[in-house]
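Residues or ranges marked as domain 'Major facilitator superfamily (MFS) profile' by TrEMBL: 32-433. Marked as transmembrane segment by TrEMBL: 23-45, 65-85, 119-141, 153-175, 187-206, 251-273, 285-306, 318-338, 344-366, 378-402, 408-427.
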């Protein structure tokens, strides 16, 4: 049977990009870019909130490190669904539908969390958080990466993630420590902010529905199969096509492995740093919360500043990313080996600075070596799989910390950074004249 969509050959070659849109080509486009930035602020705030809440959740629910770590693990199911459904949602619903689905997941999850449900229910609720974050991050990475100056724009996009992650620990520490809020009351403003994000994003992307996406990307239904056959065969055909093709590409597998390791180390640091600084460096809860904000602040500054540096080294992308990783490993060693609270806080800030530009650089490298027909599904797959690292690695840290102490955070993070460096060494050079990354 013929496939549901007409598609190009999956052979990956060095190719010329089609003319890309400018972020400021119209007022509406500026608003769309702003909507993606706002969405990433929420994602960053969500991911950094874990670290501040962990000690309170352990006390409120009488949990150990392993059990509370389930909150990191449960979003994986949502990320998996986002990975598998990313391309089909684009084809059928476009960015408008993704904004509605992702936003709805966040609103529902935060609303339920604000009622301080039983811990088992809270774990299930965070599956919705994973689905919402996975769908939106994959969509906005793909959309922003398809504009002109993608290195700079993706750096800014992920810089806003870092901005949300920087602000949230400070705000939460003040509300919890100085204002006497309970942990679940922090979710009250989250509900309103997530609802505003859903309305804003779906409004500015109102014309970006499934038909607009199919037309822009040259994906045309074959009329001869009839409406019923097309609808019934949609998911199977998509699975056989771009998603399946992407999963056969070595560059996509390498990118996914890199991002799951990188994102896992980033969120594990942000999630367990408060506990580490309190238990191992003997800091106060408030000072430790500020130190975590320093880590996220360094990451934010790195994404804003080093994104423009990276853009100047597009012809040496392999070298500049390797340099960032080596610097991150060096600062991680200082964080690990100097037994002093202030030294740890300063080292963590520099560690965040050098980690900052890595995610955008990998996304840009993917779009450089992939043809346009595979860019959206490939970036979506890598982003969603990478985001699952935000669940799996922090959970592993918590489970091991329960048996061996939270000091295991440091060697685990160093090992993750070393693995990233090894994976990057095998990543195709974006400047090679011909790139064929398809597996047999």
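Using N, Cα and C of the backbone, Cβ positions are placed for all residues, glycine too.
Confidence across the domain 'Major facilitator superfamily (MFS) profile' (32-433), taken as the mean pLDDT and rounded to a whole number, stands at 84.
Residues 251, 254-255, 257-258, 261-262, 264-265, 268-269, 272-273, 276, 318, 321-322, 325-326, 328-329, 332-333, 335-336, 358, 362, 365, 393, 396-397, 400-401 of the same chain sit 6 or more residues outside the transmembrane segment (408-427) yet have a Cβ under 8 Å from a Cβ within it. Sequence-distant contacts of the transmembrane segment (65-85) (same chain, six or more residues past either end, CB-CB distance under 8 Å): 50, 54, 57-58, 105, 119, 122-124, 126-135, 138, 243, 267, 271, 275, 380-381, 384-385, 387-388, 390-392, 394-395, 397-399, 401-402, 406. Looking at 187-206, 251-273, 285-306, 344-366, the range that has the most CB pairs within less than 8 A of the transmembrane segment (153-175) turns out to be 285-306.
For the transmembrane segment (285-306), the partner stretch with the highest count of Cβ pairs under 8 angstroms, out of 187-206, 251-273, 344-366, is 344-366.
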